[in-house]
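Input: a single structure, listed below in structure tokens.
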Amino acid sequence: MTDYKATLNLPDTAFPMKAGLPQREPQILQRWNSIGLYGKLREIGKDRPKFVLHDGPPYANGTIHIGHALNKILKDMILRSKTLSGFDAPYVPGWDCHGLPIEHKVEVTYGKNLGADKTRELCRAYATEQIEGQKSEFIRLGVLGEWDNPYKTMNFKNEAGEIRALAEIVKGGFVFKGLKPVNWCFDCGSALAEAEVEYEDKKSSTIDVAFPIADDAKLAEAFGLASLAKPAAIVIWTTTPWTIPANQALNVHPEFTYALVDVGDRLLVLAEEMVESCLARYELQGSVIATATGSALELINFRHPFYDRLSPVYLADYVELGSGTGIVHCSPAYGVDDFVICKKYGMVNDDIINPVQSNGVYVPSLEFFGGQFIFKADQPIIEKLREVGALMQTAAIQHSYMHCWRHKTPLIYRATAQWFIGMDKEPTSGDTLRVRSLKAIEDTKFVPSWGQARLHSMIANRPDWCISRQRNWGVPIPFFLNKESGELHPRTVELMEVVAQRVEQQGIEAWFKLDAAELLGDEAPLYDKISDTLDVWFDSGTTHWHVLRGSHPMGHETGPRADLYLEGSDQHRGWFHSSLLTGCAIDNHAPYRELLTHGFTVDETGRKMSKSLKNVIEPKKINDTLGADIMRLWVASTDYSGEIAVSDQILARSADAYRRIRNTARFMLSNLTGFNPASDLLPAEDMLALDRWAVDRTLLLQRELQEHYGEYRFWNVYSKIHNFCVQELGGFYLDIIKDRQYTTGANSKARRSAQTALYHISEALVRWIAPILAFTADELWEYLPGERNESVMLNTWYEGLTELPADFELGREYWEGVMAVKVAVNKELEVQRAAKAVGGNLQAEVTLFAEDGLTADLAKLSNELRFVLITSTASLAPFTQAPADAVATEVPGLKLKVVKSAFPKCARCWHCREDVGVNPEHPEICGRCVDNISGEGEVRHYA
């Protein structure tokens, strides 16, 4: 038997079938580094339009988790796709370096008695070490960026830039010092930002407390009575007994109806709607003897239950019904609403009672409870209330309560003297910060769109921003306060620039070591030098100033506004939020044009990642076992706008999809063996109809993919590339061209036409996958035929694809119809194979009984229909002649009959043909193969 293998154009490529990503990816990273890929991208991007994605800095603490990986990969995919779209898309990664978590880590490691200077030194060293660890992990993900020169909020230039940003906001008239209740953590010993507050369940004591009337006549008058026949009291309900010693007022709603209830031994004031539930709670019988609106009770004095002072009634719209008594006890030092109401009624700061120290312990001088920790004082306070006859009822509840994000301990609101950026303070010129920010939100594009309403609601309802902290490791607030007036030095902005210049040379230590006389001269004794530091959200919130127009200038001619900020959805109250406020205060617009948010990672059942649940997926483990490209494909395959599921099973599915894409690319490469695009590429008009369709289909898909990339819809990109590989290519086109590729002449038009199509498709595909499968794309790039530069990323979307003319006879709709017929034939072939009626498809002969229109269409392929259907014979017959055993299909007007061929199998092409052995010199092969070996070769027109 003759071996005809040498006469075939068998596929061949050195591109490995097995990806071996964990081993190969580090080699590719090394290559990118050695050729200076990121630098080359900046070089070719010089004259391109710029796209600026500004990196929200992760905190310089700990190893990266899967959420970090998701975030960085999304950013990299966007920037790579923008580069391929013809933009200059730089990426400057950054780190958030100051703040309590690092200071806390240093204190835990070295103790709390280090001294401020040593603490800062150790914090800086710790942050530096953490950044190096995280940096190598991010690079391993295939993220291209300026890793040799990232921005760090602790770099001297950035610290100085932050001071300059603050100076701009001071100049704008937004900064003030005030006594206000702020989120306070006893363990931190400092105020916390809104973004540092978490809510967890807490068990608390609830109490109903009676405040006895101090002015009987006024209360009687308010209820339309001549006098009060019995002692009277107003009843409040609270979940914070520890605030009772600081009570200074009682709040009622001006429009609610309040009842005077006779309960036998006294009269109680309660909201009318709450009378029934309150009496049931107190186990009392009673009757309503009079009612009055809340506004009638204004300024009536009641007595504190155990201190000799008065508590007047103030009107407050925030009072609600539904729980409690309809009366809210008011401690202005420990509640934002309480504080606002008391200030509205003329209470000055010196009158506010604030007995809780920074560590959560009452001042020693507080009568009855001095020296006690507030959360342990609930019971002594309850006992005191019971002793004086003021306790109506007590119970325990489980409720959602604010906790420190770092220590997981309960917080309180505590009035302290702090520095604020005012939301409604009249600035030097223009609108208030709240008005500016709300307008800026309207001018910003949000992906997904619901982010706009979320951020709008937060800005509309937020209090003034407390920007000061009482910590060591932070950028200083370099203010001098007049000891007498409490006012800022008149040259504050000028002095801040002098300080910024020193910080730029020496770091924040320059301020802390500064002798005031160096700057103020003879004025120094008149001023206090402030030791507060800035909220870390101010650090990251001003990166648009100290990075984009500071340490790493980049942006557009219209100003350094970024095109995109991309972070997790929690950043609506974090980085997006603080950046919006500082941007509007400094520039009167948001520092970004578009906000994109992604959800959080969960396991496949929707549970959060937790070590206790043993469902944590570490990026390093994925890199070491599957490869970063599999992680990147998982990211691309998921709609990131909601929760993003990840597990070993989900990653395994991504690995399967990866193999399909890789194998498709490898098949095309292997069939490009011996193809030189410089000499073998055919013009479109010389290509076979099927090949022209394949290139046209690739072009249409490329347009769709470019649109999806532009909208950051990577899951659409992934699914369409995968489907293209599985269906149009793997399930149709690549199957059909195998015979032509392998059996026709090596330099025949039939083969070169297919190779031309494969070349065009491969050139397009390698670019499509480059933003997602960063490593694999560059590996594939090296094996493509023809001269090329060092990386796929140094190019733009492929422009060599051609469109089918509108009048092309075998156009798009035609091939869609043929594909449907092929699917129907394949389905019947599977049935026949399962029944052992035929072996392989090439043992089959198929007759298509079709209606006239379909017959005419299929007849256009002439005798090449069999190559499309991959059967040895394909015959057409009228639909009306279909025998009873012909099989109906899902294609209208088509029935099929498949039989096993009676003809011998060609040893070369494996088709069963009647002319096998006709040529005595080649008794084992068909006439077509004889012609391809020793004759002029077959001529194909369509497929």
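Glycine is no exception: its Cβ is also placed from the backbone N, Cα and C atoms.
Per Swiss-Prot, the features are as follows:
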- Glu567: L-isoleucyl-5'-AMP binding site (BINDING)
- Lys611: ATP binding site (BINDING)
- Cys906, Cys909, Cys926, Cys929: Zn(2+) binding site (BINDING)
- 58-68: motif ''HIGH' region' (MOTIF)
- 608-612: motif ''KMSKS' region' (MOTIF)
For the residue listed as 'ATP binding site', what is the secondary structure state per DSSP, taken as helix, strand or coil?
coil
Taking every protein chain shown into account, which of the binding-site residues Cys906, Cys909, Cys929 has the largest tally of Cβ atoms within 10 Å of its Cβ?
Cys929
What are the DSSP helix, strand and coil residue counts for the motif ''HIGH' region' (58-68)?
3 helix, 1 strand, 7 coil
Which sequence positions outside the motif ''HIGH' region' (58-68), separated from its termini by at least 6 residues, show Cβ-Cβ distances below 8 Å to it?
95-97, 99, 101-102, 105, 127, 130-131, 133-134, 137-138, 152, 568, 600-601, 609, 616-620, 646
Once near-sequence residues are set aside, which residues in the chain of Glu567 (L-isoleucyl-5'-AMP binding site), 6 or more away, have Cβ atoms under 8 Å from its Cβ?
Gly56, Asn71, Gly574, Trp575, Phe576, Thr597, His598
Can you tell me how far the Cα of Cys926 (Zn(2+) binding site) sits from the Cα of Lys611 (ATP binding site), in Å?
66
Expressed to the nearest Å, what is the distance separating Cys906 (Zn(2+) binding site) and the residue listed as 'ATP binding site' at their Cα atoms?
62
Same chain, 6+ residues apart, C-beta under 8 Å of the C-beta of Lys611 (ATP binding site), given in sequence order:
none
Using DSSP and three states only, what is Glu567 (L-isoleucyl-5'-AMP binding site)?
strand
Applying a 10 Å Cβ distance cut-off over all chains shown, what neighbour count does Cys926 (Zn(2+) binding site) have?
28
